[in-house]
Amino acid sequence: MKLYANNKCLDLSVPQIMGILNFTPDSFSDSGQFFSLDKALFQVEKMLEEGATIIDIGGESTRPNADEVSEQEELHRVVPVVEAVRNRFDCWISVDSSKAVVMREAANVGMDLINDIRALQEPNALETAVKLALPVCIMHMQGQPRTMQANPYYENVVQDVLAFLQKRTNECLSAGIKKENLIWDMGFGFGKSVQHNYQLLQNLNEFCQIGYPVLAGLSRKSMIGAVLDKPVDQRIIGSAAGALIAVQKGAKILRVHDVAATSDMLKVWQATANA
């Protein structure tokens, strides 16, 4: 299983680490501490040295109750960072956006992967993704970030999320997205209760069996905090445990804040798998 973009290849026969760079003043985890270009580049270098192969750049906070960001503001935040990272590093660059214009402009300066929490459902997003012909991660979310955690309900969360991803995948394929360019994300924490999240994690292998690489993003989220009863900055070990379970069940990309801890975990897991 491999991804290709811009003359680069990402080998998914081993799990890959996607390091999170929130270029926003209001992210739930890092509270804007990398909200300057110099700090952002320093953080990117650190994450790459620690073992990340993908850097995921986001200009809109998608935490619960987050305010939406205008197209112009998101462009202003994201495009210069993508360009600066591309000029300096040879890593994979993912952009966490649902806006067609952001996808297009980011691709012009070196983006390799579209990471869309709204699964290409915003205006012109699907058509833009088809034209760009880059790998794209589609995610399940019930509602929108502002309201998604208001009593989420499912008949069966595993089957409901699976049905959405299969339906959306078929729509993407019909529109012209190549099968080998699709990645699935179950959307931990996006319109799900703590119980829903753990049911999805427990059954993550069902999603992997369909044949698309699965991205797991549960780093520092409330599903970890609820079990540990610890604030965001004290969820590193819990997040690594969740990531390990995801990998054991077949996840191929781990979207994380704490790259070093995740990389150490993967090395021990790999040594065991190879024994």
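Every residue gets a Cβ built from N, Cα and C, even glycine.
Per Swiss-Prot, the candidate among D96, D229, D233 that belongs to the (7,8-dihydropterin-6-yl)methyl diphosphate site alongside T62, N115, D185, K221, R255, V256, H257 is D96. Averaged over the domain 'Pterin-binding' (15-267), the predicted model has a pLDDT of 92. A strand conformation is recorded for V256 ((7,8-dihydropterin-6-yl)methyl diphosphate binding site) in the three-state DSSP classification.
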